[in-house]
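Noted in Swiss-Prot for the protein shown:
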| type | residues | note |
| --- | --- | --- |
| DISULFID | 53-86 | disulfide bond |
| DISULFID | 114-146 | disulfide bond |
| DISULFID | 169-199 | disulfide bond |
| DISULFID | 174-200 | disulfide bond |
| SIGNAL | 1-24 | signal peptide |
């Protein structure tokens with residue numbers, strides 16, 4: 001989906017926002033039926049545009065953009081971006097990568113995949129709690145649960161704690177939206193703070 005098309009979903013998403021599992025009418029083009037969230041996301045930044053897998057594709061894997069520790073007196077941002085790797089069934093040779101907005105720092109990891117055609121169905125964020133003194137990082141890492149029960153943990157950093165799992169998509173995730181704090185110059189940067197997944201049924 002082009003960014004312009006994704007941006008048209010924002011008014012609808014604002015109406016659908018809830019702390020957990022949010023039901024929605026099926027979208028005629030992308031077929032998403034719900035949006036799942038976590039309650040542990042960081043407080044900074046703004047929600048970017050959603051990005052969706054092509055029709056008939058589901059997220060079977062993911063990769064992360066992570067800035068390594070910067071030491072003192074560096075400014076750590078930890079997790080900067082999430083990509084979903086979308087596949088149709090068990091065919092990984094024909095995949096599509098979707099990415100909502102990402103932060104400016106770090107490098108992308110190699111993708112981690114669910115086994116045997118399973119799809120990503122739920123997630124949990126590792127988030128460092130805000131501190132008034134010191135360097136905030138917000139989201140540090142993410143775990144995904146596959147439809148066969150396998151759990152995949154990304155190669156993020158270790159500050160903070162993993163929060164509760166989101167609700168589960170009935171079949172699989174098919175889209176992503178991220179909450180990003182833009183660069184703040186000499187201020188404290190946190191980059192990625194929160195994320196949402198879209199669920200599809202076909």
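Using N, Cα and C of the backbone, Cβ positions are placed for all residues, glycine too.
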Among 53, 114, 169, which are recorded as disulfide-bonded residues, the nearest neighbour of residue 200 (disulfide bond) by Cα: 169
Those disulfide-bonded residues, out of 114, 146, 169, that come within 10 angstroms of residue 53 (disulfide bond) at the Cα: none
Lowest local Cβ density (other Cβ within 10 Å) among disulfide-bonded residues: 53, 146, 199, 200: 146
Lowest local Cβ density (other Cβ within 10 Å) among disulfide-bonded residues: 114, 169, 174: 114
Spatial separation of residue 86 (disulfide bond) from residue 114 (disulfide bond) - C-alpha basis, Å: 11
Residue 86 (disulfide bond): nearby disulfide-bonded residues from 146, 169, 174, 199, Cα cut-off 10 Å: 174
Residue 174 (disulfide bond) and residue 199 (disulfide bond), distance between Cα atoms, whole Å: 6
Other C-beta atoms that fall within 10 angstroms of the C-beta of residue 86 (disulfide bond): 27
Residue 146 (disulfide bond) and residue 169 (disulfide bond), Cα-Cα, nearest whole angstrom: 10
